Amino acid sequence: MLLPLYGLASFLVLSQAALVNTSAPQASNDDPFNHSPSFYPTPQGGRINDGKWQAAFYRARELVDQMSIAEKVNLTTGVGSASGPCSGNTGSVPRLNISSICVQDGPLSVRAADLTDVFPCGMAASSSFNKQLIYDRAVAIGSEFKGKGADAILGPVYGPMGVKAAGGRGWEGHGPDPYLEGVIAYLQTIGIQSQGVVSTAKHLIGNEQEHFRFAKKDKHAGKIDPGMFNTSSSLSSEIDDRAMHEIYLWPFAEAVRGGVSSIMCSYNKLNGSHACQNSYLLNYLLKEELGFQGFVMTDWGALYSGIDAANAGLDMDMPCEAQYFGGNLTTAVLNGTLPQDRLDDMATRILSALIYSGVHNPDGPNYNAQTFLTEGHEYFKQQEGDIVVLNKHVDVRSDINRAVALRSAVEGVVLLKNEHETLPLGREKVKRISILGQAAGDDSKGTSCSLRGCGSGAIGTGYGSGAGTFSYFVTPADGIGARAQQEKISYEFIGDSWNQAAAMDSALYADAAIEVANSVAGEEIGDVDGNYGDLNNLTLWHNAVPLIKNISSINNNTIVIVTSGQQIDLEPFIDNENVTAVIYSSYLGQDFGTVLAKVLFGDENPSGKLPFTIAKDVNDYIPVIEKVDVPDPVDKFTESIYVDYRYFDKYNKPVRYEFGYGLSYSNFSLSDIEIQTLQPFSENAEPAANYSETYQYKQSNMDPSEYTVPEGFKELANYTYPYIHDASSIKANSSYDYPEGYSTEQLDGPKSLAAGGLGGNHTCGMLVTLSLLKSQIKVLMLVGLHLNCMLDIQIMMNSQHLQCNYVDLKRCFWIKIILKLFLLN
């Protein structure tokens, strides 16, 4: 299917036959999902030929060589949930002036801190298809984390990718196309870390739904079918090698290529093995094949073992509530079950990531994520310690950041329908408007309910740890109403979507009836209008569809504004001839109502494009697994690479709106497109250079008595320490049951041609030239590739040359080149 010539971006779609990397660890061929093979040891960091990373490792190793075992463990270990000022806090090494590391939610704002901006979500940002704006947004977000004294942002999100329309957290990501999200991942990594903050790419990998991310026993009994959550383990996402490389791993590869310093592993299993202790995922795919040099941290409570996870490539346990690390990790090193050089590498990766990203916060965080109180006990959760200043109420907002947030929201608005040039509005077209719907007005619970799980009115974000704390929020009713006043247009707002008599009375005499509708998705944190993160269905909330039908039956100029995390069912009203215009957006942040007004009244020309496909039949979307009758739930990704537009293309399914669709208030034409291959593609990739020599760390003191709780030291409740309690209990363990394939022998060079550099091996190339008549063409490549060689694309625009690079796999057989072009307004 070809995309219609509406809009903003030009797409060059290059797809290929996928090939298995035969030198990688292989699972059985009996089942394409089967189980994860093992890969050991964890590749030692700092051995790849990258000057900036090597310099960071050089400095970090100097520090680690001076540390005791307990000091190293302290860096790898969270101190417990809510046991510090940030979302997550590690221990410190005061002797070497190394402070506790502060890691903080979330992707779009400094969650649980005051006086910050709440930016549009990732899905809204990706709708802009504007690389400069995406970079600027990342810089702005990074600057606010820096201003609050956080060391690392727990974001952005590249998993879930949003392959499931009803998935709860798809809005935190950037859509199911791997190239689009990959471009964004690269830009956001550079932007955030330019501010001296660690970027944490999450969630690795296959975390495409919220149901069953944890093992649960009747958690919601009495509210919904208890069997829905009656499981003994978390969901296993079973993904084949081609889909892993061409879809799900791709954005993480681009983040690594951009120098990302931290990656968070996910709650779910991958092919039968928990993601945070999956040696094939962490040791091979991430640290060997992609050459990741930073550190891997767990999602909160995603760890199910200590020694196995550390040997599998995990570097930091957050928040370490179950204490798999802490004193247990110290014990594992002392009794010989965890090699000391693995602990050395864990600590070094953490420190080198901070150095690489330019983190320098000598005063620490100036806020406390547990409370907005100005003063209180230093250990607020335990209510212990001295009375100290908890929140300095530092205002990190700026005119520049607000402008970026506003611009990102404007360019995230997608115009889906505009019959008879209904929009933009103006006094010459309308004298009276009605603003209708519960989703247009204030939420009766405000904007600060727990983890933003409000959902009873207008919304600026989804809910969960990926939300933000609003300093202000403009509802559609306020924004559109204020703009109508400027135009001297009479308006009325009716917020009751259930008793519709007042709304219909208002609409009957209006020149335009504007119905605002939404659905709210988020993290599985509890009941939000009967939804537990993932959406129960793709129907608009708050009785919106009956209201639209009733209003449009009496007003032939009905305008519908839809806000949702991802796709939503538009079929009940989209073909209604009295519904003359439809606007869509994902969650737009603090300026939601202001942005809608700007677009409705023509102050801004809508330029957003859909970062996913909207189906005609909701049954064509990949479903969320909602109920299981087995204790160990499995999600087989049988669609493989055929997600979103790939699926609709392959199976010739009808769609309502294509990936990349979006109208504007202008008309354009395109002519004389020419594609030339100037250089044949070579399938012979050159291997990357061998790794530098393995670093030999100084051995720490192995006397258990050195690591007991210091005499007179008072331990806080619910706080994790690196100490052991009984030195006499430490005995050498020569019978530990290591996994199959376990080894401590480091490789001299890349395991396969796919490995050897940041984001993969970049050694072979192809040149394609596009000659375009129009000077204002934006080109975006969407390439279904494995991760290895270099592909150079040169774009000629009126004699101006723009070159960009991308990676591919050895033996990349190109089977088709499809040019899909859109004009930039």
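Heads up, the Cβ atoms here are built off N, Cα and C, so glycines get one too.
According to Swiss-Prot, the signal peptide annotation covers 1-20, on the basis of sequence analysis.
Swiss-Prot lists N21 (among others) with the feature N-linked glycosylation site, giving sequence analysis as the kind of evidence.
Sequence-distant neighbours of N74 (N-linked glycosylation site) (same chain, six or more apart, CB under 8 Å from its CB) are T90, G91, S92, V93, P722, listed in sequence order. What Swiss-Prot records for N74 (among others) is N-linked glycosylation site, and it gives sequence analysis as the kind of evidence.
Positions annotated as N-linked glycosylation site by Swiss-Prot, on the basis of sequence analysis: N97 (among others). Residues near N97 (N-linked glycosylation site) in space but far in sequence (CB under 8 A, at least 6 apart, same chain): none are found.
Counting every protein chain shown, the Cβ of N271 (N-linked glycosylation site) has 25 other Cβ atoms within 10 Å. Taken from Swiss-Prot, the feature N-linked glycosylation site applies to N271 (among others).
D299 (active site) carries neither a helix nor a strand DSSP state and counts as coil. All protein chains shown were included, and the count of other CB atoms within 10 Å of the CB of D299 (active site) stands at 21. Under the heading active site, Swiss-Prot lists D299, citing similarity to another entry as support.
The N-linked glycosylation site annotation in Swiss-Prot covers N335 (among others). Mapped onto three states, the DSSP output places N335 (N-linked glycosylation site) in coil. Annotation for N335 (N-linked glycosylation site): same-chain Cβ neighbours under 8 Å, separated by at least 6 residues, are I730, K731, A732, N733.
Within its own chain, N537 (N-linked glycosylation site) has A166, D569, V618 as residues 6 or more apart in sequence whose C-beta sits under 8 angstroms from its own. The N-linked glycosylation site annotation in Swiss-Prot covers N537 (among others).
Sequence annotations record features per position, and here Swiss-Prot assigns N-linked glycosylation site to N550 (among others) based on sequence analysis. Spatially close to N550 (N-linked glycosylation site) yet at least six residues away along the chain are Q500, A503, M504, judged by Cβ distances under 8 angstroms. Secondary structure at N550 (N-linked glycosylation site), as computed by DSSP, is helix.
DSSP assigns N556 (N-linked glycosylation site) to coil, not to a helix or a strand. Around the Cβ of N556 (N-linked glycosylation site), 14 further Cβ atoms fall within 10 Å across all displayed protein chains. The N-linked glycosylation site annotation in Swiss-Prot covers N556 (among others) and rests on sequence analysis.
Summarising the annotation, Swiss-Prot assigns N-linked glycosylation site to N578 (among others) and lists sequence analysis as the type of evidence. Sequence-distant contacts of N578 (N-linked glycosylation site), defined by Cβ-Cβ distance under 8 angstroms and a gap of at least six in the same chain, are S552, S553, N555, N556, N557, T558. The DSSP secondary structure for N578 (N-linked glycosylation site) is coil.
Summarising the annotation, Swiss-Prot assigns N-linked glycosylation site to N667 (among others) and lists sequence analysis as the type of evidence. Of all Cβ atoms in the protein chains displayed, 8 besides its own lie within 10 Å of the Cβ of N667 (N-linked glycosylation site).
According to Swiss-Prot, the feature N-linked glycosylation site maps to N718 (among others). Of all Cβ atoms in the shown protein chains, 13 besides its own fall within 10 Å of the Cβ of N718 (N-linked glycosylation site).
Look at Swiss-Prot and you will find N761 (among others) tagged as N-linked glycosylation site.
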In terms of DSSP three-state secondary structure, what is the assignment for N74 (N-linked glycosylation site)? helix
According to DSSP, N667 (N-linked glycosylation site) sits in coil
With every protein chain in view, what's the tally of Cβ atoms within 10 Å of the Cβ of N761 (N-linked glycosylation site), excluding that atom itself? 28
Between D299 (active site) and N761 (N-linked glycosylation site), how far is it from one CA atom to the other, in Å? 29
Rounded Cα separation (Å) that holds between N718 (N-linked glycosylation site) and N271 (N-linked glycosylation site): 33
